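Just below is one structure, and these are the notes that go with it.
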């Protein structure tokens, strides 16, 4: 009888090992970050390396580019962060901080990996100058419209003066 019981126990262990083997890939899959989660981790890294007084928080995340399924392959990312009211020395999550009024905005580009165990990123951030580019476009369009309106006014004055001058019949 002892042998029969030992056989059942060995079968139980075999079944347990089989189930464990089947569940291991699921545990590995669970370590893959979403695109946004990987970007948020990169922002945490940016905040840790920053010499600025306050934390930065995600303001805008560009759409996820089409990517391969390998979580270890670096994925291109681009996003915008904005300065918050929370000091960098706080233990608070940037997501819990309000944006600072007129806070510094930075445009960030680089790569992240989605494998949580590897957790690598290569991101560089620069002051966002798109606001100033928009301002330049505004003045360019305004100058063009003013120029077109000025030409129309000059043409109306010419037409008016043409009608005032008496015509001489030849």
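Note: Cβ is positioned from N, Cα and C throughout, glycine not excepted.
Here's what Swiss-Prot has on this protein:
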DISULFID  86-97  disulfide bond
DISULFID  108-125  disulfide bond
REGION    150-162  region 'Active core'
SIGNAL    1-30  signal peptide
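On the structure: features taken from Swiss-Prot.
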| residue | record | DSSP class |
| --- | --- | --- |
| 86 | disulfide bond | strand |
| 97 | disulfide bond | coil |
| 108 | disulfide bond | strand |
| 125 | disulfide bond | strand |
Inset, instruction - Sort the residues of the region 'Active core' (150-162) into helix, strand and coil with DSSP and give the three counts. - result: 13 helix, 0 strand, 0 coil
Legend entry - Neighbour count (Cβ, 10 Å) for residue 125 (disulfide bond): 19
Inset, instruction - Under 8 Å Cβ to Cβ from residue 86 (disulfide bond), same chain, six or more residues apart: give me those in sequence order, or none if nothing qualifies. - result: 54, 55, 92, 94, 96, 97
Legend entry - All-chain count of other Cβ atoms within 10 Å of residue 97 (disulfide bond): 18
Inset, instruction - For residue 108 (disulfide bond), just count the other CB atoms lying within 10 A of its CB, please. - result: 21
Legend entry - Mean of the pLDDT scores, which run from 0 to 100, over the region 'Active core' (150-162): 87
